[in-house]
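The following features are taken from TrEMBL:
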| type | residues | note |
| --- | --- | --- |
| DOMAIN | A:50-543 | domain 'Cytochrome oxidase subunit I profile' |
| TRANSMEM | A:65-82 | transmembrane segment |
| TRANSMEM | A:115-136 | transmembrane segment |
| TRANSMEM | A:148-165 | transmembrane segment |
| TRANSMEM | A:214-237 | transmembrane segment |
| TRANSMEM | A:257-279 | transmembrane segment |
| TRANSMEM | A:310-326 | transmembrane segment |
| TRANSMEM | A:405-429 | transmembrane segment |
| TRANSMEM | A:441-463 | transmembrane segment |
| TRANSMEM | A:475-499 | transmembrane segment |
| REGION | A:580-609 | region 'Disordered' |
| TRANSMEM | A:667-689 | transmembrane segment |
| TRANSMEM | A:701-719 | transmembrane segment |
| TRANSMEM | A:725-747 | transmembrane segment |
């Protein structure tokens, strides 16, 4: 399987070279016109630059280097992806019978290193290289040659990190004809098996010289990343167009600026930590010896880099989400300023959470508590982003294109991954789940949901700008759904396994976990397959995709979101092909949503404005609470009858009281129950009533109550069986119908007097 | 969305799921069938830690009582070859081409006396061979074929319809 990445590299290189050498196969495809029609022909010549190898290795053009970054990152992703497929293949059975333990250890090490250092950052740097100057009106990056050097440091650093595999493959191939004694030098290097964290003392004790090469490679990639970051910062501040002020920055620019700032402070720590490791291994220094700093020094230094690194790879993806999501929601990003503030807040706070990776190392609990608090608090800015994204979509003019499917799907999965992380920030829970699949499931769910998803989304969204062609949209939509399903299946299985105690980083495991591992493997294969679909779509569309001659591919002018990169694209088309700019007769501000029915033509309706809607929200709360109280009274009456019949046990309320630390008090439990029915459930009804089936509102209320029934049934079950159980089910069902009826009718009645935001009622 | 559109998405989606669910059986079943014949398993390896590094694992002058103590001469020929290969290599590992007679001792870790020094020896890998039930490979291959068929079914249907129109 290790030849697969080389095949991919070969395909990509051949594809890029042929595309550059021969231009497009435009005779075979069609040109899209603004009116939706097509023409055939080869009326234009689009090849402007000489296409040869020398040009690609000497270019300092930001777009070219951006493309080089993207190709490199894709190759690295495929290589790291092959690692993960090999890992999942090994884990199909409990025994270690596909690869060896050593190979397995090397696989999860190189998978992590490749994905983090050579896939994610290069791809985002590639996108920033290509689009950031366009977005801020700059003609190139501030230091084009340094930009080129930064990129060309990456291939050798990747080879240094992964060279052990290459030498091993060469040795095995040569071993078919040569004796092993002649190949010993090639066998000396073996893929490192330290884990991507390179923890000491393991990394200082292993003799494998490949570890030294790996450290040098990581150092080199760090230098490359630093050069890129400095270049972006200087470009943003010094090279932006004269009409672009800080207040005009788009959200992707803010994200790249913050990311670059984090890089400046984080990567030197990685450089220092691995340099000392290199010295300990080769020159007899004792930085990490037990008598000196020990392994805890290494962990502190590493995670001071390591956790900000998480945000280095996360923030550009959030920038893309904030860029793409509004375009297909038909309105501008809700809460733009707060999304920017949250990005900056994450940039600062990311340096204050590193020790949550070390909760089990025996650090002073007072120190750990402070890290726990900051780790929980850092969820707030991410939540701000999530709520703003959701509000942007709320009642928007949603178009289910592939970029939108990736954004919406990623948003849902990101919430699951994020919330599982908030639990881990709590010290007692982290102690329980340390080094289990729960941790692996958490970070894979959150990273997959936001990073590759947004890369896919951006690759589709900007594909016409880069290639002047359109991709296969049906295949892309299918790929988006498949990826979402694959990620959910794989990493939910991880989370469940972890909760059951499955430790990470073991090639063998107890047979009781096999079902979960097999489910996870199937999910992983789905992800792998969908990645291949994406690759096929990109390469095929690069050559055979429909030609694009109208720059407004996504109808962005209608909502006044035809941003700078698209304007530049339009100018390019006009210059190359003489295509005149098309603008729709009617446009509306992106701040206004596409409303339906009578409200369609009202200029003041549209995007929710937080302050204007406050009164409606306040009324919702009041009316919902009163309606909830009425519903709860009806429900309580039914439950009381149930208790008289002996099928419902009032003592089960006592368990609710235990949640707030009161032992054995059904009364306190009932008051909590009552409060929940007046607040949480009532407000959920008010919020979601528009989206639940059923007309009129009474039927909606009944549907809502029945949806809640299973939760109640499990929570208040007290061991009934036989006819008692049947009676319990019936009482619970009737009680919920009573709650739903009381809630809905009261809400309907009061809404006539107090203005609420529920469309159901207003209609 | 009409039935045709729904099928255009649903069938490839279903096909992709069937295909991916069958890859494991096809790959693992196929690999199990040929792994032993290709010599890709069944050669255990031992890891030998030189005396100067043993102190990393146990304080100087102490020996873990659970470690078995052996003399080099007690090892069989295959174990001796592997031991010497490990001592002479940078990686510190050696393959046992033959019977691993002291598997139990090496599993828990053993001290082997060799040329006046004590080396710590443990099993690096047992390099087990995969074993799959006879139905796994055919079921996996069948699933892969069915999955691919479903995945391409809308395209095949269009091709057939186009042909019949002509």
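Each residue, glycine too, has its Cβ placed from N, Cα and C.
Proximity of distant same-chain residues to the transmembrane segment (A:257-279), defined by a Cβ-Cβ separation under 8 Å and at least 6 residues beyond the stretch ends, is recorded for 124, 198, 200, 203-204, 212, 215-216, 218-219, 222-223, 225-226, 228-230, 232-233, 236, 249, 285, 287-288, 298, 301-302, 304-306, 308-309, 311-312, 315-316, 343-344, 346-347, 350-351. Below 8 A, the CB atoms of the transmembrane segment (A:214-237) and the transmembrane segment (A:115-136) form 3+ pairs separated by six or more positions in the chain. For the transmembrane segment (A:701-719), same-chain residues at least 6 beyond its ends with a Cβ under 8 Å from one of its own Cβ atoms are 648-649, 651-652, 655, 681, 684-685, 688-689, 692-694, 728-729, 732-733, 735-737, 739-741, 743-745, 747. Of the candidate ranges A:115-136, A:310-326, A:441-463, A:667-689, A:441-463 has the most C-beta pairs within less than 8 angstroms of the transmembrane segment (A:475-499). Here the transmembrane segment (A:725-747) has long-range neighbours at 623-624, 626-628, 630-635, 637-639, 641-642, 645-648, 677, 681-682, 685-686, 697-698, 700-706, 708-709, 712-713, 716-717, 756, 758, 761, meaning same-chain residues at least 6 beyond its ends whose C-beta is under 8 angstroms from one of its own. Most Cβ pairs under 8 Å with the transmembrane segment (A:310-326) belong to A:441-463, among the candidate stretches A:65-82, A:115-136, A:148-165, A:441-463, A:667-689.
Mean pLDDT for the domain 'Cytochrome oxidase subunit I profile' (A:50-543) in the predicted structure: 94.
Counting only same-chain residues 6+ beyond the ends of the transmembrane segment (A:115-136), those with a CB under 8 A from a CB of the stretch are 62-63, 65-70, 72-74, 76-77, 80, 147, 150, 154, 157-158, 161, 196, 218, 221, 225, 228, 232, 235-236, 239-241, 244, 249-250, 252-253, 256, 259, 309, 312-313, 316-317, 320, 451, 455, 458, 462, 466, 563-565, 568.
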